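Trainee: The structure follows.
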Amino acid sequence: MTLAAGPAEAGDVLASRARELVAIGARMDARGWVPASAGNLSARCTADSIAITRSGVHKGRLEAADIIEVWLDGTPLRAGDRPSAETQLHCQVYERLPAAGAVLHGHSVAATALTLADNSPGIVLEGYEILKAFPGIATHETRIVLPVFDNDQDMRRLAAAIAPAFAAPPIGYVLRGHGIYAWGEDVERCFWRLEALEFLLSCECERRRMR
């Protein structure tokens with residue numbers, strides 16, 4: 001029989017996730033992926049809850065108190081806490097992908113500019129050695145399409161537009177003029193995949209500039 005974590009244990013889990021997200025926020029900031037109050041970061045706490053950044057905080061200067069816990073419907077466990085405006089998109093990933101342990105979202109120059117310059121519904125990534133950074137890919141002779149969705153301030157409508165993509169889960173997706181959403185089994189592996197995606201989009205920007 002599996003016993004539910006008691007308050008002390010639950011608090012320890014949130015504190016651990018907060019330390020991880022504070023550290024990752026600083027690394028993302030060092031890369032220029034989370035300017036001003038941009039981006040949002042989360043990690044799974046339990047089967048039914050996640051730790052996520054508060055709304056409106058700079059991700060490069062996070063403190064433990066900036067990480068709060070919410071249920072998978074986005075409701076904060078503690079009254080008065082205000083999670084990221086995009087909490088619903090994080091919750092969608094955890095609900096659709098039970099193996100996901102972390103979700104990271106940034107606003108890089110490459111992801112923003114590339115998707116505004118091209119109105120296509122996806123970015124083709126082919127022939128890159130770094131594609132092998134993603135699960136199940138063993139050769140550069142691979143072609144994948146990174147989905148791009150039009151940005152929308154209505155999170156319910158945006159989540160509904162994204163939902164069909166999880167029928168065959170992509171390695172991540174991009175919101176047009178906004179940024180990448182990436183996920184992984186834990187915070188470190190999620191960062192690894194975000195880093196690979198950011199590198200690939202930077203390469204695509206350079207290729208198009210050189211044409």
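Cβ atoms here come from the backbone N, Cα and C positions, even for glycine.
So Swiss-Prot lists the following for this protein:
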| type | residues | note |
| --- | --- | --- |
| BINDING | His105, His107 | Zn(2+) binding site |
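Quick one: where do these features end up spatially?
Mentor: Cβ contacts within 10 Å of His107 (Zn(2+) binding site), excluding its own Cβ and spanning all protein chains shown: 22.
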Trainee: Looking only at Cβ atoms, how many others are within 10 Å of the one on His105 (Zn(2+) binding site)?
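Mentor: Neighbour count, Cβ to Cβ under the 10 Å cut-off: 30.
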